[in-house]
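Annotated in TrEMBL:
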BINDING   B:Cys87, B:Cys92, B:Cys128, B:Cys132  [2Fe-2S] cluster binding site
Amino acid sequence: MIALDVDGRTIQVEAGITVLEACLQNGIFIPNLCFVKTRKRPHASCRLCFVEIDGLDRPVPSCTQRVRDGMKVRTDTEPVRRLQRSAFKLLMSTHICTPRECPTQGRCQLIRTAKLLKVSLKPSPLERLERDVDPVVRLGPLVHYPYRCVLCGRCVHVCGEESGHGLLTFAKRGFNTVVATFVSEGEEGPCAECSACVGVCPTGALTLEAPETAESEEPGRAADSGG
Amino acid sequence: MKDDARLSEEETMLRSIEAMLPRFEKNRAQLIPILQAIQEEHQYLSREAMRLVADYLEISPSEVLGVATFYNQFRFHPPGRHQIKVCLGTACHVAGGDIILENFERKLGIREGETTPDREYSVERVACVGCCALAPVAVVDDKVIGHMQPSKIEGLFLQFDLQREQEKAREAGEEADAQAGS
């Protein structure tokens, strides 16, 4: 076990884990979307888990740093928050959010992140970009809500690398990227319904449950009540 | 074309793909060269073709789908008898090329990259075709049409309809001739 100082609090963690894991294990919430423990190298693509570490001259993603004994970490400085807010606003610019109607309340890491960062769920001052996606897509036995998806890639990773099913993939590219599968609608394919993907999804965009009722499927078009 | 004819056509294509696969090493690095070879020969990648490739390389079909959809180069629908390419290069984009594309899509009831169910028309978007002074540009069956306007699209389809009717009339005439001759 080694000790590190986070926001003035000393925590004891096992060696070899990342700063992000160390904080989460000790009840210190750092927003994060793309981190998966089993990835050989962290993606560090969500740009939310920034921290400041003594000795480093600028904030770094905490998923890329291994803990060291005596490390001094700050999770709530102004430079950190500024980076997190920018990244969050960019994410929300393509993510239509209606927290009052959204059935992912409680599961959704975006809502939790907005609360921590004390920002609204609207992308303002950034423009909102609408993605051309279907409200509900069947991916084999899975039900996917593309407009909730932030393309963090956790599901693709656990399905391919961890469970070895290889059911999920990213299709297309750039702004048109979506999580997809080769399996046709309703077909089982290689999916063993292990729900690994459902478990890691930070925004509740994947489920094995039946599609929700029509009114909750297209929140953005029904009413613009985000924030 | 009837459904049966199409089925056997697909069957022939798959058999020809199966025959050519052993030319390639069984290595996932060969995925793109294989997909390119299939497209070169058959003009598009069908679902079953992608499944064959996945089986051959022993990778997940989803992985093949992910790679194939990443590149604009690959098509997933057979080309139509009339191929419509709408330019969305910078000059055409500024001149409203997206409106032209939307017009084609709405008129034919298909999306960009698709083919009408009767295989008469396919629509795709292309980057610059090299005649920006004529923007917005569409290339229909290798014929460049400059200064595109929605009204020109109507005219184009009217022309195609006329052409089809003439063909039908000619065929009917030939049949009648053959019958009269016998």
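Placement of Cβ uses the backbone N, Cα and C atoms for every residue, glycine included.
Taking the features listed in TrEMBL, we show where each one sits on the structure.
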| residue | record | Cβ neighbours (10 Å) |
| --- | --- | --- |
| B:Cys87 | [2Fe-2S] cluster binding site | 29 |
| B:Cys92 | [2Fe-2S] cluster binding site | 28 |
| B:Cys128 | [2Fe-2S] cluster binding site | 15 |
| B:Cys132 | [2Fe-2S] cluster binding site | 17 |
Check: same-chain CB within 8 A of [2Fe-2S] cluster site center, minus B:Cys87, B:Cys92, B:Cys128, B:Cys132: B:Leu88, B:Gly89, B:Thr90, B:Ala91, B:His93, B:Gly97, B:Ala127, B:Val129, B:Gly130, B:Cys131, B:Ala135, B:Pro136, B:Val137
Secondary structure at B:Cys128 ([2Fe-2S] cluster binding site), reduced by DSSP to three states: coil
